[in-house]
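> According to Swiss-Prot, the protein carries these features:
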- Cys94: active site, glycyl thioester intermediate (ACT_SITE)
- 230-251: coiled coil (COILED)
- 230-240: compositional bias 'Basic and acidic residues' (COMPBIAS)
- 241-251: compositional bias 'Basic residues' (COMPBIAS)
- 10-156: domain 'UBC core' (DOMAIN)
- 230-251: region 'Disordered' (REGION)
Amino acid sequence: MASNENLPPNVIKQLAKELKSLDESPPDGIKVVVNDEDFSQICADIEGPVGTPYENGLFRMKLALSHDFPHSPPKGYFMTKIFHPNVASNGEICVNTLKKDWNPSLGLRHVLSVVRCLLIEPFPESALNEQAGKMLLENYDEYARHARLYTGIHAKPKPKFKTGAISESTTALNVGQTNNETPGAATAIPSSMTDIKRVTTSAQDQQHVANVVVAASASVVTTTQKREAGLAKVQADKKKVDARKKSLKRL
């Protein structure tokens, strides 16, 4: 694999300058993906131009720089599968800027812009994908349908998740829960099934004790009532005996 060691120091310095410029001021619809450890592989994400079959697609491509760059042109490849006359099945890009029209003074910005323009205006006369080239010349609607199908399947951008919104929602939920709590009050929440069983068992024990107390109280009341009734009967019988004794004395 090529690396910075395969490029002359002056070329690395120039590439670093160009990549910084591309990062700070990217071309329309192009974002360069920089790998500081390997300037010989320049990757970029290209947005499908509006009004073309590649619209709403995001295509990853790369420029492979040889050890004698910039005296020899880089090789361009689409890493995202695309249906295009000037892109071979292995992703290789055919455009004159990267072949006979190459000039060492051309920078990366120019090359990337040319590749994106190729999505706007293909050149079926120099097709690497013969099917796409023939279809473009004979039946544009069918060509566009195929290109849109490939775009929808292979070049669909990945969704971006708003982590900030999720954090804000979580914070709002926590604030709402805090506001509903009574200051100074502590609510014990069972943390496991064991705790729940303990709480349930405790409640059952308390209810059982309560039932026993009620039953015992009722028993005491009943016993007391019986004792009082028996005492009253004894007193009544004693009165009867005393009355009989008095009657006998009179006789």
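Quick reminder: no glycine exception, Cβ is built from N, Cα and C everywhere.
Could you tell me the structural context for the features on the list?
Here Cys94 (active site, glycyl thioester intermediate) comes close to Asn86, Val87, Ala88, Ser126, Ala127, Leu128: these same-chain residues lie at least six apart in sequence, with C-beta atoms under 8 angstroms from its C-beta.
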> Let's see if you can do this one: DSSP helix, strand and coil counts over the domain 'UBC core' (10-156), in that order.
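Final tally across the stretch: 58 helix, 25 strand, 64 coil.
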> In this predicted model, what is the average pLDDT of the domain 'UBC core' (10-156)?
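Mean per-residue confidence for the domain 'UBC core' (10-156): 95 out of 100.
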